[in-house]
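These notes are about the structure you will find just below.
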Amino acid sequence: MENDVKENLEEEEDRLLPPPPPSQSLPSTDSESEAAFETNEKILIVDFESPDDPTTGDTPPPFSWRKLWLFTGPGFLMSIAFLDPGNLEGDLQAGAIAGYSLLWLLMWATAMGLLIQMLSARVGVATGRHLAELCRDEYPTWARYVLWSMAELALIGADIQEVIGSAIAIQILSRGFLPLWAGVVITASDCFLFLFLENYGVRKLEAVFAVLIATMGLSFAWMFGETKPSGKELMIGILLPRLSSKTIRQAVGVVGCVIMPHNVFLHSALVQSRKIDPKRKSRVQEALNYYLIESSVALFISFMINLFVTTVFAKGFYGTEKANNIGLVNAGQYLQEKFGGGLLPILYIWGIGLLAAGQSSTITGTYAGQFIMGGFLNLRLKKWMRAVITRSCAIVPTMIVAIVFNTSEASLDVLNEWLNVLQSVQIPFALLPLLTLVSKEEIMGDFKIGPILQRIAWTVAALVMIINGYLLLDFFVSEVDGFLFGVTVCVWTTAYIAFIVYLISHSNFFPSPWSSSSIELPKRVSVSNS
């Protein structure tokens with residue numbers, strides 16, 4: 001009798017205890033998929049409201065500055081993609097060739113980027129899963145692997161630009177002593193060093209990014225103050241939309257650099273670093289409100305930094321012979337020749353800002369790579385192992401590029417054009433799954449976006465894809481030469497368009513018999529007001 005009672009008590013204990021973590025050696029299933037952040041890694045959101053007045057139902061708790069501080073972090077990590085070396089090159093070329101005339105477009109492109117990133121955050125907060133994980137369940141196996149491949153290609157392309165940007169900055173700051181390939185090695189090593197900080201908590205890593213963003217802000221603000229661009233022209237450029245046939249390519253570059261495919265995946269994972277109860281509707285809405293404030297502030301800062309760079313080069317090189325030749329490699333030298341030394345030579349100020357941009361973006365790129373690979377493939381690997389794999393995928397081609405193009409500025413510019421094309425090609429494969437998922441009630445529950453926001457989001461997505469399509473068409477018309485190359489491009493273009501049509505047809509926005517009904521996700525339970 002005593003044994004029976006003992007066994008019953010043990011069984012009851014087992015039911016009350018949380019399940020043990022799945023073994024690393026066992027094959028993973030959907031129910032065992034690895035979370036973006038473990039429970040002990042998440043930041044606890046403390047309630048500062050009075051315990052006598054608990055918030056229930058649909059109404060979020062009142063605004064709290066202390067709680068906003070707890071939510072601050074993911075938006076600033078997300079904003080790094082708006083400040084990477086590729087964006088800085090787009091800024092300097094826009095300023096040198098178009099002057100102040102595209103500042104209005106930079107502002108509205110940043111606003112469009114904020115909308116897309118908030119949809120990504122919405123998916124992460126409302127479902128408790130990030131975009132790559134949801135894509136794994138939403139699409140059939142063949143489509144999932146295509147999406148994963150495209151995301152990895154986009155990430156590698158962005159990483160090459162970011163690492164090369166850091167390497168150029170290191171070359172500038174070492175006065176040419178360190179070659180480009182040495183800068184690549186240093187950047188790769190630094191990245192692992194910074195990622196090590198994650199073991200000491202998410203807040204430590206976020207603090208490092210805050211320092212890097214502050215470094216960029218101070219460096220480029222110093223350049224802005226030293227060069228004294230025209231305040232009148234700056235305000236006209238922001239408030240008066242202007243676009244000429246001579247600046248269309250730069251305009252396309254400004255918009256195209258704002259939406260980074262890997263950043264859409266990244267933000268949906270970063271917001272899960274805060275411990276939020278997804279079953280309480282008021283808490284989910286509260287988190288979305290704070291993330292909107294935080295992301296808006298972060299992207300306003302990124303807009304100001306991009307504005308500083310654009311106006312500095314507009315002041316120095318607009319209307320000059322050097323305008324069409326300026327790029328990331330020679331920008332520092334041109335600045336030095338134009339504006340000279342001062343207390344701290346502008347060449348080194350530019351180098352410090354560029355280094356901060358390159359270092360921060362390579363770290364977020366590695367971070368995004370872990371979520372993309374882990375989410376799509378559901379790999380049961382330790383974080384450092386995933387970091388090694390994803391970092392190697394980018395560092396190896398970057399090292400080859402650095403060795404081959406070490407002394408050729410023209411070749412690096414051509415390579416950068418091809419990398420921009422690669423990024424543009426991948427944009428639909430992040431935007432379309434995001435818009436599909438955020439519009440589905442069975443996934444989002446009460447946080448599915450409404451018809452008006454759906455139309456706005458699809459309009460923005462269509463605009464971004466059309467603009468990038470123009471960039472692709474313009475590039476291939478000027479670069480594609482030879483019958484075999486032309487046929488290859490046509491074949492790949494046909495397959496590319498067919499897959500985009502499939503993704504669009506899979507969404508709820510455009511009902512189609514192509515939409516898969518065989519893949520069913522567990523319906524998200526809506527939270528009642530009681």
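Using N, Cα and C of the backbone, Cβ positions are placed for all residues, glycine too.
Residues or ranges marked as region 'Disordered' by Swiss-Prot: 1-35.
Residues or ranges marked as transmembrane segment in Swiss-Prot (evidence: sequence analysis): 68-88 (among others).
Annotated transmembrane segment per Swiss-Prot: 96-116 (among others), in sequence order, evidence recorded as sequence analysis. Long-range contacts of the transmembrane segment (96-116) within the same chain, counting only residues at least 6 positions beyond its ends with a Cβ under 8 Å from a Cβ of the stretch, are 82, 229-230, 233-234, 236-244, 246-247, 250-251, 254-255, 258-259, 264, 295-296, 299, 302-303, 306-307, 310-311, 313-314, 316-320, 322-324, 326, 431, 434, 456-457, 460-461, 463-464.
Sequence annotations record features per position, and here Swiss-Prot assigns transmembrane segment to 153-173 (among others).
Here Swiss-Prot flags 177-197 (among others) as transmembrane segment.
The transmembrane segment annotation in Swiss-Prot covers 205-225 (among others). Tertiary proximity for the transmembrane segment (205-225) is limited to same-chain residues at least six positions away from its ends with a CB under 8 Å from its CB atoms, namely 72-73, 76-77, 79-80, 83, 194-195, 197-198, 301, 304-305, 308-309, 311-312, 335, 344, 346, 349-350, 352-353, 356-357, 359-360, 363-364.
Residues or ranges marked as transmembrane segment by Swiss-Prot: 251-271 (among others).
Swiss-Prot lists 297-317 (among others) with the feature transmembrane segment, giving sequence analysis as the kind of evidence.
Residues annotated as transmembrane segment in Swiss-Prot: 339-359 (among others).
The annotation transmembrane segment is assigned in Swiss-Prot to 395-415 (among others) on the grounds of sequence analysis.
Under the heading transmembrane segment, Swiss-Prot lists 418-438 (among others).
Beyond the ends of the transmembrane segment (456-476), by six or more residues, the same chain brings 112, 115-116, 119, 248-249, 252-253, 255-256, 258-259, 417, 420-421, 424-425, 427-428, 431-432, 435, 438, 449, 489, 509 to within a C-beta distance below 8 angstroms of the stretch. The transmembrane segment annotation in Swiss-Prot covers 456-476 (among others).
Sequence-distant contacts of the transmembrane segment (484-504) (same chain, six or more residues past either end, CB-CB distance under 8 Å): 143, 146, 425, 428-429, 432-433, 436, 476, 510, 514. For 484-504 (among others), the entry in Swiss-Prot reads transmembrane segment, with the evidence type sequence analysis.
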For the transmembrane segment (68-88) and the transmembrane segment (339-359), decide whether they are in contact, meaning at least 3 CB pairs lie under 8 A, counting pairs 6 or more apart in sequence. yes
Ranked first among 153-173, 177-197, 339-359 for CB pairs under 8 angstroms with the transmembrane segment (418-438): 153-173
